[in-house]
Every structure is written in C-alpha cells, then in structure tokens.
Amino acid sequence: MSAILSADDLNDFISPGVACIKPVESLPQKQSNENPYEVTTEDKVQPENPPPAQISLTDCLACSGCVTSAEAVLISLQSHNEVLNTLDAQPEIRLVSGENGTVIEDSGRTRDEGRIFVASVSPQVRASLAATYGVSEKEANHIIHQFLSGPNGLRAGGKHGSGFSWVVDTNSLREAVLVLTADEVSESLTGSSAPKRPILSSACPGWICYAEKTHPFILPHLSRLKSPQALTGTFLKTVISKKLGVPASRIWHLSIMPCFDKKLEASREELTDAAWNRLSSGEPNTPVRDVDCVITSRELLSLASSRGISLPNLPRKSLPQSLRLPFPDPALNVFLFSEKSFSRQTSASGTSGGYLHNVLLSFQARNPGSEIVTQRGRNADVVDYTLMSPEGEPILKAARYYGFRNIQNLVRKLKPARVSRLPGAKVATGQTAGGRRQPISRNGASAGSSMDYAYVEVMACPGGCTNGGGQIRIGDAREFNAQHDASVTSETSKPLPHEQRSWLARVDEAYYSADSDMDDAVEDVRTVSVTDNEDRVHKTLQHWSAITDIPLEKLAYTTYREVESDVGKPSAPNDTSRVVELAGKIGGGW
C-alpha cells in the first residue's frame with residue numbers, strides 16, 4: 001500500500017465503519033491421507049498462520065459498512081507500483097504516423113505481444129504540480145508530457161522502455177460533460193426525462209459512494225452523465241479500438257487525478273466495456289475497465305522517484321512534433337488537442353470543473369438580458385445562484401455544496417417527509433414538510449428550500465477538487481524546496497491551518513491562471529459564443545457515436561444503484577456462494 005495514504009491527509013474524512021461485511025474465510029488445511037491418525041503432545045502442534053486478508057476495490061463498492069471510500073485501508077494496488085509493473089510486464093505497441101495523419105501499428109511489434117498505453121491528466125493535478133515547483137500551469141503540463149511520453153522520462157528506463165502514446169487533457173471531455181449537463185437540466189425542467197429535480201452533479205465519486213450507501217432516496221436526483229475521467233476512458237478505448245483494430249484489453253489507460261476516490265470510480269462495474277461493447281456480453285472474458293489505473297498528484301511524484309527522474313529538471317517545453325502522434329481520427333484529434341480555448345477556468349466557475357457555472361451561462365444565453373445573482377450561504381462552500389430576468393423574475397435557481405458537512409444539510413432538505421401512522425393525520429407537504437416552517441419567496445416556493453433548485457453542484461472536498469486528498473501538500477513542497485535549495489531549512493512541524501489555507505490559495509491561483517499561460521495565438525474564448533461551442537460539442541459527439549457505431553446513450557451515460565447493508569442481518573445459507581460470486585466480479589482479487 002502506498003505510504004502516503006492516511007486519514008490525516010483527507011478532508012472531512014469519515015473513518016471506515018466498525019462493521020465490515022466482507023467476510024474473511026479461514027479454511028482448515030488439507031490433511032494428508034497417509035496417516036489419518038496421529039498421537040502427539042500439545043506443545044508439538046504447530047500454530048496455523050492464516051494468510052493476510054485482502055479486500056478488493058470491488059468488494060469495497062459492494063459494502064455499506066464504510067461511509068465514503070476508506071482510502072487508507074482498501075486502495076492498495078492502484079498506485080505508482082502498479083504503473084511500473086504494467087509497463088514492465090508487456091512491451092508497448094509501437095505506433096507511427098501514417099498517411100492522412102492516421103496512426104498505424106509498427107511492423108516490429110504484433111498486437112498480441114504488447115499494449116497501447118494512454119494517459120489522461122486533470123487540470124487540478126497540473127495546478128498542484130505548478131504550485132510545488134514554482135512554475136506556470138503550462139510548464140507543469142509540459143513536464144508531465146515529457147515524463148510520460150518523452151525520451152528522458154519513462155521511456156529512458158524499464159524493461160521495455162515503454163511510455164504513453166497519448167497524454168490527454170481531461171478538460172477536452174469535460175467540455176462534453178458541461179454541454180450535456182446543460183441539456184440534461186433543460187430536459188428536466190420540461191419534465192420530459194429523468195433525473196428528478198433538483199439534479200445533483202455526479203462527477204465526485206466520494207459523494208456518489210456516500211449517496212449509494214447511506215441515502216438511496218438521493219439516487220433519482222443524480223445526473224446520469226459520466227464524469228470527465230470516465231468519459232475520457234470510454235472515449236479513448238472506443239476510438240482507438242475501432243480505428244486501430246486493437247481489442248480494449250490491449251489498451252491500458254492511466255488517469256492522474258487529484259483524489260483517491262477516483263480509484264473507486266474506476267473500479268465501478270458500470271464503467272467497463274460491458275456497457276458499450278456489444279461483443280463483450282457474449283465473451284467469457286472479464287469486462288475491461290475504461291480506466292485501468294488511477295494515481296494521484298503525489299503518487300505521480302512517487303512514480304518519478306521510483307525511476308530516479310527529477311520532474312523539475314525535465315524540459316519545460318512541448319514534445320517535438322516528430323514525437324507527437326496524431327489521434328487516429330482527424331476530427332477527434334482536433335477536438336482533443338486543439339490550441340483554441342473554448343472555456344475559461346475562473347473563480348466564478350470554481351475549481352471542480354464549472355458544471356454549475358456552465359449551466360447558468362447556457363440558460364443566460366437562451367434568455368438575453370438576464371442576470372446571474374449570487375448569494376453566499378453559511379460558509380464559503382455553500383453558494384446560491386439565481387438567474388433573474390430583466391423584469392426581476394427568477395428563471396433558474398441553482399446552488400453549490402462542497403464538503404460533507406454541507407452535503408448532509410442538503411440531504412436533510414431532500415429527505416422525504418415521514419408519513420404519519422396516526423389515523424386521519426395530514427401528510428406534511430410544502431412549507432410544513434420536515435416539521436418546520438419556512439418563509440415564502442415571491443414565486444411561491446419556500447425560500448432557501450433546495451427543492452427549488454434546478455441543479456446543485458456537489459463535491460465531497462471543502463474548497464473543491466484542488467483540495468483533493470491526493471494533491472501535493474505543503475509538507476511535500478517544503479521537503480522538495482529543502483532538497484533543492486540549501487538556503488531553505490526543512491521543517492518537520494505540522495503546517496498550521498493558515499499555512500494550509502495559503503497553500504490551497506496558491507494551488508487555486510495556478511488553476512485559474514491556466515488560460516493566461518496560453519499563447520497569444522490562441523483564440524480568446526470570448527469570441528466563441530456559448531451556442532457555437534454547444535454546436536461544436538454536439539457535432540463531435542455525433543461523430544464519435546457514428547465512427548464507433550455505438551449510441552451516445554451508452555457512451556456518455558451511466559447508472560447508479562443502492563448498496564444494501566448486511567450488517568446485523570442473520571447469515572443466509574448461501575453466504576459462501578454469494579462471496580464467491582462477489583469476488584469473481586470485475587476487479588475481484590485485487
């Protein structure tokens with residue numbers, strides 16, 4: 001297990017439940033038939049040494065004994081060691097540029113001998129790296145590309161000298177999620193489709209685990225869209241598999257994310273090729289994950305350290321054109337690696353992807369003259385938004401809830417009112433639901449009621465994704481500075497709260513400065529209207545669906561399910577068979 005996983009590094013960490021329903025089966029040793037009867041003394045009986053218990057990520061997702069992800073206990077194999085072992089286990093399928101910008105397989109390797117390695121990186125990871133090394137977000141991006149794909153990075157060592165053929169920015173697929181989110185909210189307002197209002201964002205896996213295990217009444221409200229990480233995995237595996245004729249099992253996708261919960265998301269049974277590959281259902285093989293491995297920002301440092309590579313000493317410039325492979329499909333290559341910026345990472349959009357902000361901008365574009373009114377809640381992690389018409393009437397209400405303390409308040413507001421068992425009792429509705437009276441707003445809805453929202457952006461970490469549990473901490477940055485600057489003394493004391501807040505502000509600054517780091521030749525986002533950007537994304541998604549011959553419903557959407565607890569229930573006669581079935585599912589044995 002990675003040594004950097006600990007409860008001290010997590011925000012709003014809820015420790016694992018005392019009752020774990022994952023049974024540890026201890027079978028007696030098989031006795032030899034040569035001597036069925038033997039007389040011996042007690043002191044000569046050798047004590048049994050049971051093997052260490054192992055719990056897979058899939059087992060964790062099937063358990064409701066823990067509230068969130070229990071990162072410090074269960075996430076062991078999705079680490080930098082798994083990346084190194086995979087790179088050394090099988091050679092890389094070498095790819096070269098062909099005619100018309102396509103990519104063909106090098107004749108020196110056969111498809112059965114190796115794998116195609118691809119990686120995706122979130123903007124929060126780049127911001128964390130930029131703050132640590134004192135570089136710009138753009139330079140941090142170049143460092144990551146040089147490390148994963150360049151000749152001085154991973155390719156400089158290892159058994160096969162393998163590296164990653166493509167390194168994709170998750171912002172590209174985040175654009176698709178943003179546009180589809182606005183569509184989903186619009187459809188929910190007309191009552192034409194699920195989910196129920198208010199729609200709750202589903203990109204945070206810590207929040208999803210919490211809802212599935214403790215509050216199943218929340219599930220009808222969850223957005224059905226995949227997260228940018230999951231959508232990127234589906235995108236890469238479907239297109240590469242279709243265009244190059246390589247099975248999904250030969251494509252290995254590494255995702256670098258700001259939090260440990262993303263490891264759990266990658267282990268979800270719903271996020272495999274079984275959801276989109278029509279052939280996989282008839283094949284006896286285990287379904288293939290869309291995201292094979294997830295590491296965090298700090299684990300990226302451990303990965304470089306394991307190979308003896310100093311990240312800040314790598315070239316802070318883009319890879320030469322000769323080392324950059326075009327994506328197999330020209331249209332999708334432009335979408336993934338476009339030099340034009342179509343969205344801006346501003347403080348108004350937040351540090352978690354800007355789902356809520358984009359919904360507001362989309363509806364504002366449909367209502368000329370409207371204005372976005374912001375009202376802060378009890379703390380900085382709760383913000384209410386109202387889109388007001390020129391006449392002062394509310395068009396759309398939305399909110400942002402970050403951190404489990406605030407999430408619990410949101411859940412209480414959404415919880416259905418208890419039905420009284422007394423004969424003749426009135427059912428609590430509207431303003432009296434929950435046993436408390438609420439003031440009435442001008443449009444007739446109870447003021448402050450979350451049921452009045454059309455959309456709520458929910459994230460488990462206070463401050464958003466730049467404050468994820470896997471981000472580089474101020475202590476790590478101090479250690480790095482002490483190693484590379486003799487004038488800086490290493491501090492062993494735990495950082496004070498104000499120092500931690502200052503460090504988070506530094507990471508946020510790097511995150512928001514991503515647009516200012518871009519070249520002057522890059523098109524300003526203000527020249528691209530919201531409507532034009534939505535049309536561009538819709539055309540790209542239609543093209544993706546057409547070339548893969550897979551409906552967009554299977555590519556971009558997912559499902560959720562209630563996780564029932566077995567704690568305190570009597571053991572059923574077939575418990576053993578149930579455990580065997582559970583362990584045999586996708587990811588079993590991890």
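Glycine is no exception: its Cβ is also placed from the backbone N, Cα and C atoms.
According to Swiss-Prot, the feature [4Fe-4S] cluster 1 binding site maps to Cys20, Cys60, Cys63, Cys66, an assignment based on sequence analysis. If you look up Swiss-Prot, you'll see 25-50, 423-446 marked as region 'Disordered'. For Cys204, Cys259, Cys461, Cys465, the entry in Swiss-Prot reads [4Fe-4S] cluster 2 binding site.
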Cβ-centroid neighbourhood (8 Å) of the [4Fe-4S] cluster 2 site, Cys204, Cys259, Cys461, Cys465 excluded:
Gly206, Pro258, Asp261, Ser352, Met459, Ala460, Gly464, Asn467, Gly468, Gly469
In sequence order, which residues at least six apart in the same chain have a CB under 8 Å from the CB of Cys259 ([4Fe-4S] cluster 2 binding site)?
Pro205, Gly206, Thr296, Cys461, Cys465, Gly468, Gly469, Gly470, Gln471
Tell me which residues of the chain lie with their Cβ under 8 angstroms from that of Cys204 ([4Fe-4S] cluster 2 binding site), as long as they are six or more apart in sequence?
Ser227, Asp261, Ser352, Val458, Met459, Ala460, Cys461, Cys465
